[in-house]
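K.L.:
The structure under discussion is supplied below as C-alpha cells; questions concerning it will follow.
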C-alpha cells in the first residue's frame, strides 16, 4: 500500500503518518525529517535550505525533488510519503518517477485545519535546545516554564514557528495545494479528513478507510 499524506502546518499529519506506518508495516518517508537532517548536518545544502525556512519560504523544488526521489529509490514499495509533493512541479517529478518504476499511489490523504488552528498549534511549540524534546505551552507544557523536563535545557521557539511565519506558511501551502488537490481528485484517490479534535479522533476518521484499502489490496 502506497500513501501520500499532507496537510497545512500543525495539521498533525506526521503524527497520523507514524500511526499508519506502525499499523500497516509501511516505510515512513518524511520530507520534513529529511530536510531537517540535512540542516542539522550543517552541509552547504542544509544551510541554504535553512535560509528559506527562516523566512517562511518554500525550499526550491529542484532541491526537494533530489532529496525525496533519492530516498524513494531505496524504498520502492509500501511507503507513506509525508509532506510531499507540495507544489505542481514536485507532483510532476514524483509522477514521472512512479510511472517509470510501475508504482501506483493508493490514496492521497489531506488532513485539513483552519489557519487559526494552525497558528494556535504551531506558535505554542517549544523545542529543547539541548536534547530536542518537544513541548507546547498549551497542550504539553514543561513543569518549569522555559526549561526542559528531561535535561534542563532552555526551550526555544524555532524561527519558522513564529505566528507571522506560520500564517505565511499556511497561505503558501493552501495556494500551492489547490492544483495538487485537483490532480489527485481527478485520479480518484483524494480523501479530505477533518484534522480538528484529538489525535485519536482524527485517527478514527482515517483508520476505517485504510483498513478497507489494505484488506482489498491484500486480496488481489
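Yeah, the Cβs are placed from backbone N, Cα and C, and that goes for glycine too.
Fair warning: this is a prediction, and the values are worked out from it, not measured in the lab.
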K.L.:
Hey, Swiss-Prot has ATP bound by 10, 11, 12, 13, 14, 15, 134, 135, 197. Any idea which of 125, 207 it lists too?
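P.N.:
Candidate in the recorded ATP site: 125.
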K.L.:
Given the ranges 30-59, 60-89, which one is assigned the annotation region 'NMP' in Swiss-Prot?
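P.N.:
Checked against Swiss-Prot: region 'NMP' maps to 30-59.
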K.L.:
Work out how many Å separate residue 84 (AMP binding site) and residue 148 (Zn(2+) binding site) at their Cα atoms, rounded off.
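P.N.:
Checking the Cα atoms of residue 84 (AMP binding site) and residue 148 (Zn(2+) binding site) gives a distance of 31 Å.
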K.L.:
Given the binding-site residues 31, 57, 59, 158, tell me which ones have a C-alpha lying within 10 Å of the C-alpha of residue 135 (ATP binding site).
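P.N.:
Among 31, 57, 59, 158, not one has a Cα sitting within 10 Å of that of residue 135 (ATP binding site).
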K.L.:
Return the residues near residue 57 (AMP binding site), defined as same-chain residues 6+ apart in sequence whose C-beta is under 8 angstroms from its C-beta, sorted by sequence, else 'none'.
P.N.:
172
K.L.:
Which residues, in sequence order, are found in the same chain with Cβ within 8 Å of the centroid defined by the Cβ atoms of 128, 131, 148, 151 at the Zn(2+) site, excluding those residues themselves?
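P.N.:
The answer, listed by sequence position, is 129, 130, 132, 133, 149, 150, 152, 153.
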